[in-house]
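Here the structure is laid out as structure tokens; the discussion comes afterwards.
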Amino acid sequence: MGKFTYDINRYEPKQMVALPLCLLILSVIFLAFNTVSTGMPVEPGIDFAGGVAVTLSTSDSVDVIEDYFADYPLKISESDVAAGYLVFNYLEGDSFKDLTEHITARYPDATIYQMGETFGKTLQSQAIWALLFAFVLMAIVVFVAFRIFIPSVAVVLSAFSDIVITAAFMDVFGLTLSLGTTAALLMLIGYSVDSDVLLTTRLLKRQGKVDEKFRGAFRTGIIMTTTTLAAVVVMFIVFSLGQVTLIRDISAVLIIGLIIDMMNTWMLNAGLLKWYVKKGGK
């Protein structure tokens, strides 16, 4: 890693865990406020909330498109509108028929897709259960693998923090919770645990000085994460230029999550493990 080294002796455990824990607490408060206000911690996309999705190819500006649909419940997202992807609130009967006629009158080649509210809520429930089930299974595997309480809790807490903080940033950046972004969060559970398990395994099951084991784990772990991050950034750029919103949103969530994971692994998890070792844990 050249001159970029990881000095575990530079900070005390309390200093290492302070920033990740503050961000985690703020994220929990933010998501809880959203849940009380809207019923969901992150704004649901059309997959979960229901609505009308329209894909069209046009040279019209964002302002022109917004003006044309001023009488309809268009959810404004300039990046999506500029890419020719429009989302409207759920409409029934004559309202949906009027919208369809209004769209085809100006954009005859547009693709129109409607998701029902009831089916969307069913998918929403299934996605939440999938996230919970995946996280619980991950926690069980970690506890079975290490069989030591504090290090296992550190890994699980780090992964939990990754998901919660990433979800908060999703809402800040206007990324909705959809089937695609839910899949990204599921992938993030696996990505985040990799470096945590590497660090914990190196520290608990290898011989040598503690600071050397930390540095060795850091060199390997940071290479793993940055190479994955580089690939995901390229994916984000390519599919943003290609206006493929689903893959763009998946890669955006992964970029946020991987950056958060580096903080949680090498500050939160490492800080807890350092405290555990200083207290005499092996």
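Backbone N, Cα and C define each Cβ position, glycine as well.
Model, not experiment: these values are computed from the prediction.
Copied from Swiss-Prot, the annotated features are:
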{"type": "TRANSMEM", "residues": "16-36", "note": "transmembrane segment"}
{"type": "TRANSMEM", "residues": "126-146", "note": "transmembrane segment"}
{"type": "TRANSMEM", "residues": "148-168", "note": "transmembrane segment"}
{"type": "TRANSMEM", "residues": "169-189", "note": "transmembrane segment"}
{"type": "TRANSMEM", "residues": "221-241", "note": "transmembrane segment"}
{"type": "TRANSMEM", "residues": "253-273", "note": "transmembrane segment"}
Residue numbers, six or more beyond the limits of the transmembrane segment (221-241), whose CB comes under 8 Å of its CB atoms: 1, 6, 191, 194-195, 198-199, 247-248, 251-252, 254-255, 258-259, 261-262, 265-266
Residues of the parent chain within Cβ reach of the transmembrane segment (16-36), under 8 Å, 6 or more residues beyond its termini: 42-43, 161, 164-165, 167-168, 171, 263-264, 267-268, 270-272, 274
